[in-house]
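For reference, the structure is listed below as structure tokens.
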Amino acid sequence: MAKIREPEEVSKDTQVQQMLAVARSRGIETAFDRADQMAARCPFGSAGLCCRSCLEGPCRIVPNGSGPRRGVCGSDADTLVARSLLNTMIQGASGHAEHGREVAMALLKTAEGKAPYVIRDVGKLMRVAKGLNLEIEGKSINEVAKAVALTALEDFQKHEGVMNWIEYRGHQKSREIWDKLGITPVNAHLEIAKAVTRNAMGGDADPLNLLLGSVTMGLVDGYSGLHLSSDLQDILFGTPKAVKFNYSLAVLDEKQINIAVHGHIPLLSEKIVEWARTLERKALTVGAEGINIVGVCCTGNELLMRQGVHAASSFSSQELVIVTGALEAMVVDIQCIMPGIQQVAECFHTEIITTMPHVKIPGATHVNFEPEYADDAAREIVERAIRNFAKRDPAKVVIPGGSVEAYAGFSVEQICEVTAKINEDKPLQPLIDAIKDGTIRGVAAVIGCTNPREPQDIGNVTVAKELLKNNVLIVTTGCAAHSLAKYGLMNEDGLEACGDSLKALLRQLGQHAGLSALPPALHMGSCVDNSRPLDLLSAIADELDVPVSSLPAVGSCPETHSPKALTIGTYFMAHGVDVHVGVDPQVSGSNLVARTLTGSREDKEITMDGLFGGKLIVESDPVKAAAILLERIDMKRKALGI
Ligand code: NFS
């Protein structure tokens, strides 16, 4: 019999604990329960030793022991594990590449006057166009936008050369390594197709070559997904600036019509925010006091970064937003959407609305989104939510009390705007000086997910606090950012977690931003915005004329669940940034693969560390993980001579 964890064992968040108890008392099952019912995981799959690539199998190799040592075709454990990892990477890279392509299409249609968006950040449009070496002189805004969109779409079409966004954003010193290894992507779709092909039965059997294929997927993810999406979304919706928002399940409002926007691409949700304002008066006619949009997962991050929309939940507790009984609609686009939300919604009046033709859920309503008809879709969704308000059962409403105030919106542009008040000519210099003199011991990106298998928020918050008290500057994205916001690390109270020198610096910088202090964790956005920490590091590396791999910078994904988090981690490692994961990445079935990733082979020059300067650190204990990250930061400081 599987052990069912008590609410206080599944999350650090007392509101999540409360709502989980409510769900259980009503016989409603959530991901936390299903994670417990799953109990012990399959030992073959957990080690990466199960192969379902063809009909000779499924083949499995017993981890470290008895039984067959090869699959029917002759693949050994190393090949199986490397292929299984590449499969995961393909999933991650495809998700982000598709995100980038959707946004590029929306920009193109906007520029052609076919979609109802406006270009909110013309300055960024021009900077991106220049960065791409496009002609802007004498061109209209829409002509430049069209040229940028077509250049972006080439990254899914071209058959020779290098992806445009790598030419534009890739750090030159990292580029040299990728080019030498022959792993620099040409176009995202081509690389994904090649990866699928090499991974098929009878394809690539060399585990080290397969691992290089995984690094290519990391680069596809990073450049056709992250950088391209962040750049184009900033052009369309504005580059984030410091903004205040509230975090917790308490952001639902009993008196208002509540709509949760969930997923990743902000194209429709931005319009929903607009239409909620337009139709506010209609809400009054059904007895509500207004329309309250709340965010879940990364669509939530996108909206809070640019609009200050309140955030209700990260990934693992998404179903509990519905259990409040006060949600009229949950609108989903792509990725990280649990099909379980529909079962939970059926216990309430909540309407689950899918919006993308390739992401549907049985039982949910589908309102199709196309950029051309974004207004029609957004209007229909808000009107549906207004109608649903009458179906709400007040007896079922339980909204926990107390939300946390937080500051987000720390794009590289926003950070530089603040530091430029100290050094206008060289805005990065104050940060560089602080790193050099040890005021900032290092920089850590605490990123990634929450995972129903793991106690929610504990890993994310513990790693961040351990690093902050050692004067490591934290930047954050994704669901990890949700964790840090909840525990006050995005407001002034969080300064208590910082070491003295970092605290003083954040106070000094805050005054230049019109705040009493910068928050200890700088929220840089959604998971595609993991482009931003890398942009910051690349700019610092350029100033110092060193590779990114020389910087005292690390990444940490303490509560990983998604393939996307692993591809993002690989993209960081490909630039030489060490990456910690707190959840087993399922490669233990091959010593060769595990040691190549973690840099613990004797022939170091062919490990991730040896090739790129950054390695994988697997550690489930967040305190130990932070200690290892500090050691690596100090090692890089020493090598830099600072
Ligand atoms: Ni990132 Fe964002 Fe969250 Fe993980 Fe999912 S929402 S894209 S994958 S779970 S951080």
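Quick reminder: no glycine exception, Cβ is built from N, Cα and C everywhere.
TrEMBL lists C298, C336, C449, C479, C527 as [Ni-4Fe-4S] cluster-binding residues, and of the candidates H262, H264, H366 the one it assigns to that same site is H264.
Binding of [4Fe-4S] cluster 2 is attributed by TrEMBL to C51, C54, C59, and within the candidate set C73, C297 the record adds C73 to that site.
Ranked by CA distance from C59 ([4Fe-4S] cluster 2 binding site), the binding-site residues C42, C449, C479 have C42 at the top as the closest.
Excluding the listed site residues H264, C298, C336, C449, C479, C527, the same chain places C297, N301, S314, F315, Q335, G478, S526, S562, K564 with Cβ atoms within 8 Å of the centre of the [Ni-4Fe-4S] cluster site Cβ atoms. Across the fold, the C-alpha of H264 ([Ni-4Fe-4S] cluster binding site) and the C-alpha of C51 ([4Fe-4S] cluster 2 binding site) stand 31 Å from each other. Minimal Cβ crowding within 10 Å, among the binding-site residues C42, C51, C527, is found at C42. Proximity to ligand 1 (Cβ under 6 Å from any of its atoms) holds for these binding-site residues out of C50, C51, C59, C479: C479. A distance of 36 Å separates the Cα atom of C479 ([Ni-4Fe-4S] cluster binding site) from that of C54 ([4Fe-4S] cluster 2 binding site).
In this structure, C50 ([4Fe-4S] cluster 1 binding site) is part of a beta strand by DSSP.
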